[in-house]
Amino acid sequence: MITELAAMLKERFGIVFNDPDLLAEAFTQASYVNEHQDQQLKYYERVEFLGDAVLELVVSEYLYKRYKDMPQGKLTRLRAAMVCEESFASFARECDFPQYIRLGKGEQKAHAWERDSLLCDIFESFVGALYLDQGREPVLKFVHQVIFPKLDEGRFDGVFDYKTTLQEYLQRDGDVAIDYQLIEQDGPANERSYEIAVLADGQKIGEGWGHSKKEAEQSAARQAYSQLQQK
């Protein structure tokens, strides 16, 4: 199982562990260790502790650098959405981690690999193990592959109102006329999609799509704000 995991990590993420035992530890639950006491195995809780701290740090640093004018309160809410149990469990599933977790027989029968709490732990423990094995840069590369693209995909749009955030940013030094214009709508009434552009003083600064005008406006505002922050 760990051999297959190592092969997957190499193929998908270019990650090769120097210490295979550390990788195995990150994917081993206590129930498995208890059933294999003759093998002197370790389980994931200690590296999970480290991974939790590493993830909060790298996500905090990324948000601080990317959103240079975002207030602390909004940064905190966005970070909380990115480093929560639900998000980490989702990332673990997208990485196909569940099938590689070593569980005791009882936990296997209970389908423990489906629990968000366990998948969150495994995601954190993997990052902790990667940090111990190779340091900060490989961790940054991994989260740039797995976590940060979700910002541009709109995964965390529900955390705050991008239209308000964009307005506050554009008008911080004075009045700016902000307008949202419908470019195109497509599809039948029950499946209609909308393309909307956002303009600042008549100049297009972003565009977005959605299944409602409100969703498309939020998408356009998010794209515009992200692009402005990167200038």
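Every residue gets a Cβ built from N, Cα and C, even glycine.
Here's what Swiss-Prot has on this protein:
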DOMAIN    6-135  domain 'RNase III'
BINDING   Glu48, Asp121, Glu124  Mg(2+) binding site
ACT_SITE  Asp52  active site
ACT_SITE  Glu124  active site
DOMAIN    161-230  domain 'DRBM'
REGION    209-231  region 'Disordered'
COMPBIAS  220-231  compositional bias 'Polar residues'
What is the three-state DSSP composition of the domain 'RNase III' (6-135), stated as helix, strand and coil residue counts? 97 helix, 2 strand, 31 coil
Using DSSP, what is the helix/strand/coil residue split across the domain 'DRBM' (161-230)? 29 helix, 25 strand, 16 coil
Other CB atoms, at most 10 A from the CB of Glu48 (Mg(2+) binding site): 21
For the C-alpha pair, I'd like the distance in angstrom between Asp121 (Mg(2+) binding site) and Asp52 (active site), rounded off. 8
Excluding Glu48, Asp121, Glu124 themselves, which residues in that chain have a Cβ inside 8 Å of the centre of the Cβ atoms defining the Mg(2+) site? Tyr44, Glu45, Val47, Phe49, Gly51, Asp52, Cys120, Ile122, Phe123, Ser125, Gly128
